[in-house]
Amino acid sequence: MVNLFSVKAIESAKPIVLMIVVQSIYAVVNIMLKMVANDGSSLSVLIVYRFVFSTAFTVPFVFFFERKSVQNLTGKVLFQAFLCGLFGGSLQQNLYIESLALVSATYTITMLNLIPAITYVLAVSLRMEKPNLGTPAGKAKLMGTLSGICGAMILTLYEGKRLFNLSLHIDLLQNVTSTTHHSPAGSHVWGLMLALGTALSFSLWFITQSKMSENFPWHYSIAALTSIMGAIQSFIFAICTERDWSQWKLDWNLRLLTAASAGILASGVCFVLLAWCVGMKGPLYVSAFNPLMLVLVAFISSFVLNEYITVGSLTGAALIVCGLYMLLWGKSKEARKMHNINEIASAIDTVECDSFHKANNSALSCIQKEHDKKMATIGPNVSRNINNNTLGEIQTNI
């Protein structure tokens, strides 16, 4: 009995442990991206290498597990893959890393928690989802969206007093201040606008990916196609914007480690773990762990990047996280309601089907008795000749 409980406890703890691992990887990779974004490296070239590493990691999964998916590639699927590579790859990543270069990692990650709210607004606008404002779930989703918007506005327009930092007197950005991007006036607002653009691009990617999955239900193949398209688009963008060919050279330094970690861990390993957790617990369960990355990034940034927690960042982050959980609660309530409706409908269909068969069998039994009586009055010889054909016709009519 103890062993059985232990096995169940381990199985139930697996998704929690994996989601903590995923969010921890994302947090560390984001800190590394922040450091590279401030050392004078070409950000567009870094994005190219990230998707090259991601492609090299995801393509073997397609070869071993989804080889048949190649036969289902159509022009429509390739166009949707191009959009996924744009919104989930080149555009999103370039906006994101430019935002990291202008504002702290904590601010950027906070804005990314608006993704569910932006996705909800887009889904309602495109009539992919009904607002249902007359229900508690619909009201919760609306209030969560408004709370997230208010938090984003506070985060953008109000900084406030510095509250604290947990610095270990290790400023990893101190050695790169001479080569960093000298932020002009208004860079804080512009950086947060870029982060908001990143969240919008993420939302468009989710919507496009959901449409693509309807015609092409191969998750590893979708990830590989997104990485390939993202690499091609990022390469074209980098060629057009980066004239210094020395930036394309990767040495054994932080740039190489960051590109490999972002491509293999963040875009590769984490995708596999997320796909497993979504299959086990559903997308809402996975989304509920997103604020954990915000907390981890805030603490790590305070420890090693000497960043301060301010009144504005704390208030804005709290409103955005509260809005996120209100939105997730509303969606989970709607999902439970839809599940109950489907169960009731299935039960009604089962009862109606059983009733029909019982009534049909009862009618056949009565007809059989009447038939036997008539055959008895006609005589045994005639009865044997017409018995099978007559009964067959009666059953067919019923």
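Each Cβ is built from the backbone N, Cα and C atoms, and glycine gets one as well.
Taken from TrEMBL, the feature transmembrane segment covers 16-37 (among others). Residues 43, 46, 97-98, 100-101, 104-105, 108-109, 172-173, 176, 181, 254-255, 257-258, 261-262, 265-266, 269-270, 273-274, 276-277, 285-286, 289-290, 292-293, 296-297, 300-301, 304-305 of the same chain lie 6 or more positions beyond the ends of the transmembrane segment (16-37) yet place their CB under 8 Å from a CB of it.
Annotation comment: TrEMBL describes 16-154 (among others) as domain 'EamA'.
According to TrEMBL, the transmembrane segment annotation covers 43-65 (among others). Distant neighbours of the transmembrane segment (43-65): 36-37, 89-90, 93-94, 97-98, 101, 218, 220-221, 223-224, 227-228, 230-231, 234-235, 237-238, 241-242, 247-248, 250, 255, 258-260, 262-264, 267-269, 271-272; these residues of the same chain sit at least 6 beyond its ends, with a Cβ under 8 Å from one of its Cβ atoms.
Residues 30, 99, 141, 144-145, 148-149, 151-152, 155, 192, 195-196, 198-200, 202-204, 206-207, 287, 290-291, 293-294, 297-298, 313, 316-317, 320-321, 323-324, 327-328 of the same chain lie 6 or more positions beyond the ends of the transmembrane segment (109-128) yet place their CB under 8 Å from a CB of it. Residues or ranges marked as transmembrane segment by TrEMBL: 109-128 (among others).
Cβ atoms under 8 Å from those of the transmembrane segment (140-158) belong to residues 107, 110-111, 113-114, 117, 120-121, 131, 133, 188-189, 192-193, 196, 311-313, 315-331, 333 of the same chain, restricted to positions at least 6 beyond its ends. As annotated by TrEMBL, transmembrane segment applies to 140-158 (among others).
Remote same-chain partners of the transmembrane segment (189-208), defined as residues 6 or more beyond its termini with a Cβ less than 8 Å from a stretch Cβ, comprise 80, 83-84, 87-88, 91-92, 95-96, 98-99, 101-103, 107-108, 111-112, 114-115, 118-119, 122-123, 126, 128, 152, 155-157, 183. Annotation comment: TrEMBL describes 189-208 (among others) as transmembrane segment.
Under the heading domain 'EamA', TrEMBL lists 190-328 (among others). Across the domain 'EamA' (190-328), the prediction's mean pLDDT works out to 84.
Feature annotation from TrEMBL assigns transmembrane segment to 220-239 (among others). Only residues 6 or more beyond the boundaries of the transmembrane segment (220-239), in the same chain, are considered here, and those with a CB under 8 A from a CB of the stretch are 42, 44-45, 47-48, 50-52, 54-55, 58-59, 61-62, 65-66, 69-70, 78, 81-82, 84-86, 88-91, 93-94, 209, 212-213, 267, 271.
Within the chain, the transmembrane segment (259-277) has long-range Cβ neighbours (under 8 A, six or more residues past its boundaries) at 15, 18-19, 21-22, 25-26, 28-29, 32-33, 46, 49-58, 61, 219, 223, 227, 250, 285-286. Annotation source TrEMBL lists transmembrane segment at 259-277 (among others).
Feature annotation from TrEMBL assigns transmembrane segment to 284-305 (among others).
The transmembrane segment annotation in TrEMBL covers 311-329 (among others).
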The DSSP breakdown of the domain 'EamA' (190-328) into helix, strand and coil residues is 119 helix, 2 strand, 18 coil
Close approaches to the transmembrane segment (311-329) from elsewhere in its chain (Cβ under 8 angstroms; 6 or more beyond its ends): 106-107, 110-111, 113-114, 116-117, 120, 137, 140-141, 143-156, 158-161, 163, 284, 287-288, 290-291, 294, 298
